[in-house]
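Per TrEMBL, the feature substrate binding site maps to MET43, GLY199. What TrEMBL lists as ATP binding site is LYS119, SER172.
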Amino acid sequence: MHDLADLLPVTRRSAPLVHFITNYVTVNDCANITIAAGGSPIMADDPAESEDITRLCAALVLNMGTPCARTRDAMLAAGQEANRLGHPVVFDPVGAGASAFRNSVALDILRHVRPTVIKGNISEIRFLAEGVGSAKGVGACPTELVNEANLAEALSVARRLHAATGAVIVISGPIDLVADGDSAWAVDNGHPMMARLSGTGCMSAGVIACHCGAHPGEPLRAALCGMVCMGISGELAHQRLTADEGTGSYRVRLHDAMSRLDADILRRACRVRQLA
């Protein structure tokens, strides 16, 4: 794969406008990490305007963190409009498998919208891989983490969901997995403290969307670059903590690190390996 660092300056120069239909828990962090990554966020989750806003933007993020009927309708309308325009769609199926309503929203989106990238943890991705196309879906799986022991199994799940949707699949965890039908990559960047901060997964989707919006013809590279940028920022944020600082300071330093990330830092710190 060509140098991922080449994508970063292009993304910063193009400053892609990213439309978020996301949750109210992490919305501010998603907006600010998008700015730090080089993009420009706009949050619009009313069905009355979701299509209009999508037309203005280079990419769309659909996040199920706090689903309701209104945001479901907005996501379907915006997603279909983005598909019509050929704009990248990043789908983050937060909590898929946890409730009947949440499951129905996730499967409705996959039946009516063609995501460019689907990003979730292994439990969420497994639910979609087993439930897409089924009227009932499947039960929620226990929370799991991708590690060396289950990396091959996680890749199998990702490949099943890719086959069903055509999307690039990102599975987040201590090891991040990025795959399509042709290749698969493991990202070893990141820090355990990221898991102690609410919203790092949601923020990752925003960073991916920035790179997809700036590089719409390269969704695999864009998704991989987004996860690497997030992981490196997590590492740098931890390195810069002082002895008396905790998760609140870490959150601020994570945004600082993303805003100061450049191609040289990315080249030096990137830890990616090809799996297939």
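Cβ from N, Cα, C; glycine included.
Locations of recorded TrEMBL features on the structure.
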residue	record	Cβ contacts under 8 Å, 6 or more apart
MET43	substrate binding site	PHE20, ILE21, THR22, VAL27, ALA31
LYS119	ATP binding site	VAL90, PHE91, ASP92, ILE169, VAL170, ILE171, SER172, GLY201, SER204, ALA205, ILE208, ALA223
GLY199	substrate binding site	VAL25, THR26, ASP29, CYS30
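Secondary structure at GLY199 (substrate binding site), taken from DSSP and collapsed to helix, strand or coil, is coil.
For SER172 (ATP binding site), other Cβ atoms within 10 Å of its Cβ number 28.
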